[in-house]
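Chemist: One structure coming up, written as structure tokens, with questions to follow.
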Amino acid sequence: MKSFTLGRVIPLVDVTAFHPTENHFRTADVTAVALPVQDTRLRPLRDLRISVTDRCNFRCIYCMPKEVFGKDYPFLPRAELLTFEEIERIARVFVGLGVEKIRLTGGEPLLRKDLEYLVELLAKLRTPGGDDIDLSLTTNGSLLSRKAQSLRDAGLKRVTVSLDSVDEAVFQQMNGVGFSAASVLEGIGSALRVGFAPVKVNMVVKRGVNDTQILPMARHFRGTGIEVRFIEFMDVGTSNGWNLESVVPSSEVIRTIESTFPLVPAGRDRPSDTSVRFRYADGQGEIGVISSVSRPFCGNCTRLRLSANGQLFTCLFASHGEDIRAPLRSGDSDDALRRRVADLWLHRTDRYSEQRAENTIAPNQPKVEMSFIGG
Ligand code: SAM
Ligand code: SF4
Ligand code: SF4
């Protein structure tokens, strides 16, 4: 059977090649698929976020509060982690299905030893049309001064650094371990010096904690070429004590900045981008807002996440992942892996943030932690 939607068509099921342990009932309808593969709401699979570790040297209050992620926390044992070769193979399968953007994340990705080698492997991937993959990394910046050059040499093109305040007291309280903002700023400086472009900064805004820092952050990075993206505090996982009152809606962020620096709306680069951009009216650069809570963007969500131990999650707020490490280690061919991924995406229905806005989420729904699934 041939698929009829736009784009390149690839056969996905060779019935004679079915693995005996494979679930025929779930995959039987996956006979061919047009690229990019689309889910039940016609959302294409375009972005892959790869978590390379669930560990972190920070304990940000909104992500890994130290009261929960203490020394007895059951982090993944090393043997559970995908090797770099396994990650590259899975990524290659995804690129074959239409993925164009890959982001390395975690936990703190720069804690993973020899990450440069993975970057080197992934930088060689090409889309079916022969284009480069848009490969990026999100980091807390603590090790960036040391690693910026080697990452750049390995083929990484752009980085996003998380920084929740330029005020030392506020930042050190927020990251939970007293790490200095000055060191992260040094890391950002190194990223610029070695030629990453663009360098972006992520700031999670939490009411009563760093909402006074919106304007200082905007002021600090204005005119530097660095875009600050203000992110609404989200109810990821079950550890961060989230409540709606702690969320500063993006509309308020915009109003706060506009009171001093007039802004002009600049929209989204691509419909699937999480960030909506605004330009400074005086030409001093741009900011972005990520309004996951106040203006959910599930309708254009093209992201899938791969955890460090090889589970696939089609939503940041998922309760369960689909294991791809076991079939990979038990000898599945690339074609068989491709069928599994396509099957997962074709059946995808996720729209958590829309449901949150509609108030239709079941209470106490289990959710994986962001540090595990990858931000
Ligand atoms: N450790 C790296 C870092 O902090 O950049 C990468 C992983 S972190 C989970 C990825 C991004 O998720 C960061 O920019 C972080 O600020 C954001 N994040 C974590 N918890 C969040 C939450 N509860 N709400 C909104 N953003 C969050
Ligand atoms: Fe670590 Fe990043 Fe989570 Fe902060 S946001 S605790 S730096 S993983
Ligand atoms: Fe995508 Fe899930 Fe976030 Fe909606 S809630 S935008 S489906 S990750």
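The backbone N, Cα and C atoms fix where each Cβ goes, glycine too.
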Chemist: In TrEMBL, which of 96-115, 236-255, 336-355, 356-375 is labelled region 'Disordered'?
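Modeler: Here TrEMBL associates region 'Disordered' with the stretch 356-375.
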Chemist: Given TrEMBL annotates R49, R103, K200, R303, L304, R305 as GTP-binding, which of T127, T138, T224 belongs to that site as well?
Modeler: T138
Chemist: Need a hand: TrEMBL gives C298, C301 for [4Fe-4S] cluster 2, which of C63, C315 is also on that list?
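Modeler: That [4Fe-4S] cluster 2 site, as TrEMBL gives it, pairs C298, C301 with C315.
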Chemist: How many other Cβ atoms sit within 10 Å of the Cβ of K200 (GTP binding site)?
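Modeler: Excluding its own Cβ, K200 (GTP binding site) sees 22 Cβ atoms within 10 Å.
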Chemist: Cα-Cα, whole number of Å: T138 (GTP binding site) versus C298 ([4Fe-4S] cluster 2 binding site)?
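Modeler: So the alpha carbons of T138 (GTP binding site) and C298 ([4Fe-4S] cluster 2 binding site) sit roughly 21 Å from each other.
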Chemist: In DSSP terms, helix, strand or coil for C298 ([4Fe-4S] cluster 2 binding site)?
Modeler: helix
Chemist: Give me the DSSP three-state residue breakdown of the region 'Disordered' (356-375), ordered helix, strand, coil.
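Modeler: Looking at the region 'Disordered' (356-375) with DSSP, the answer is 7 helix, 0 strand, 13 coil.
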Chemist: Out of C56, M234, C298, C301, L304, which of the binding-site residues has the smallest number of neighbouring Cβ atoms within 10 Å?
Modeler: C298
Chemist: In three-state terms from DSSP, label C56 ([4Fe-4S] cluster 1 binding site) for me.
Modeler: coil
Chemist: Please work out which residue of T138, S162 has the most C-beta neighbours within 10 angstroms of its C-beta, and give that one of the binding-site residues.
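Modeler: Ranked by Cβ atoms within 10 Å, first place goes to S162.
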